[in-house]
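Reviewing the structure listed below.
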Amino acid sequence: MLRAVGRLSKSGAKAQRRFLNLQEFQSKEILEKHGCSVQKFVVAANRKEAEEKWMSFGNHEYVVKAQILAGGRGKGKFIDGTKGIGGVYITKEKKEALDAIDEMIGKRLVTKQTTEDGVRVDKVMIAEGVDIKRETYLAVLMDRESNGPVVVASPDGGMDIEAVAEKTPDRIFKTPIDIQMGMTEAQSLKIAKELQFEGKLLGAAATEIKRLYDLFIAVDATQVEINPLVETADGRVFCVDAKMNFDDSASYRQKDIFAYETFEEHDPREVDAHQFNLNYIGMDGNIACLVNGAGLAMATMDLIKLHGGEPANFLDVGGAVTEDAVFNAVRIITSDPRVKCVLINIFGGIVNCATIANGVVNAVNKIGLKVPMVVRLEGTNVDAAKQIMKKSGLKILTANNLDEAAAKAVESLPK
């Protein structure tokens, strides 16, 4: 899947806001609502519900898909599952489709995008199979280079688009769209031709592409990816599989969409942090980080690695952080049993260093701290912050710059 925003630091953490991710059936519901062509489908949490909702799909195949927030379901395997049934099962027999539901619900599915423990499947989608003649790829996303929306299209769909970009880059086409003007008819026809639709399907594909772009704008998406967008043997165009991402900042005006969000598959610490407007990503190291600003957070983690350590998390407290948020940031990062040191790195511009100091001191006094803490503070109200730290009586290792702080954090680890 193409990524529209964010970049990786050397430590592997992504600098971006957390985005709402939808399961496939939810994306299909949104597509259908906005007039896009999707197969008939139902969603069920058990066999009985599936039988109650079952609709006639005609003489077509049944496609049963496990609904989890991970790709690679078709090649995935269930822990203690039945051989031959993965995250996607296709059959022409209704009974076999129902049996597959029994085999999926309640089991943990392991794919290339999950951990070895897999993800529990609580819902399945049963969709009408379509007789696919040809698969293409289409995505609408926000692109920094284009300074706005861009449509990425390829006639080679139904596969990993990154692999297509690597092996046959000439088969990928990008069309920037003026966000004020919107997609023109000429642009939608151009993209349809690049996807190699012909004859009467050229107009149908162009209409579908325009609807997908209009949906992208209407729902404040950061990405709408259709892989594959198919041409069927009976001359129709369908969005067979969909992936959508939305920026959290759109939640106030996209309440219906954000009501879809569930947290069952999220790291509980990430969910906890989100309540306090903290940007948190758990990692595998043992040096916990509390930093203001995504760029500074990544630089902090990179320097920890440079000195031979491993960061335990990415945590950006943001510019409008409060003492309560700092308290909870310390609580969350120290709840990880792997943490053997805490590194606080603050460069206060918007952030008031005294706010950070008060929050840290309150947290340590209430929670207790059994591991070393290294603190580097610079910027707004730094002298007052240092006095707060000093008067607290806490055993804190101070540093004058980031490199020194990272080195002290690594040196403080148990040998």
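From the backbone N, Cα and C atoms, a Cβ is placed for every residue, glycine too.
Annotation comment: TrEMBL describes Gln39, Gly72, Arg73, Gly74, Val130 as GTP binding site. The feature Mg(2+) binding site is assigned by TrEMBL to Asn227, Asp241. According to TrEMBL, the substrate binding site annotation covers Asn292, Gly349, Ile350, Val351. What TrEMBL records for 21-231 is domain 'ATP-grasp fold succinyl-CoA synthetase-type'. Summarising the annotation, TrEMBL assigns domain 'ATP-citrate synthase/succinyl-CoA ligase C-terminal' to 290-410. Positions annotated as site 'Important for substrate specificity' by TrEMBL: Glu61, Asp131.
When Cβ atoms from all protein chains are considered, those within 10 Å of Val130 (GTP binding site) total 21, not counting its own.
Here the candidates are the recorded positions Glu61, Asp131, Asn227, Asn292, Val351, and by Cα distance the one nearest Gly74 (GTP binding site) turns out to be Asn227.
Residue counts for the domain 'ATP-citrate synthase/succinyl-CoA ligase C-terminal' (290-410) under DSSP, split into helix (H, G, I), strand (E, B) and coil, are 60 helix, 24 strand, 37 coil. Over the domain 'ATP-grasp fold succinyl-CoA synthetase-type' (21-231) the predicted model carries a mean pLDDT of 91. Across the annotated binding residues for GTP (Gln39, Gly72, Arg73, Gly74, Val130), the two most widely spaced Cα atoms sit 20 Å apart. Between the farthest pair of Cα atoms in the substrate binding residues (Asn292, Gly349, Ile350, Val351), the distance is 10 Å. With every protein chain in view, the residue among the binding-site residues Ile350, Val351 whose Cβ has the most Cβ partners within 10 Å turns out to be Val351. Taking a C-beta cut-off of under 8 Å and a sequence gap of six or more, Gly72 (GTP binding site) has these contacts in its own chain: Gly87, Thr111, Lys112, Gln113.
Among the binding-site residues Gly74, Gly349, the residue whose Cβ has the fewest other Cβ atoms within 10 Å is Gly349. Long-range neighbours of Asn292 (substrate binding site) (same chain, six or more residues apart, CB within less than 8 Å of its CB): Asp316, Val317, Gly318, Gly319, Val321, Ile346, Phe347, Gly348, Val351, Ile356. The Cα atom of Asp241 (Mg(2+) binding site) lies nearest to that of Gln39, taking the recorded positions Gln39, Glu61, Arg73 as the candidates.
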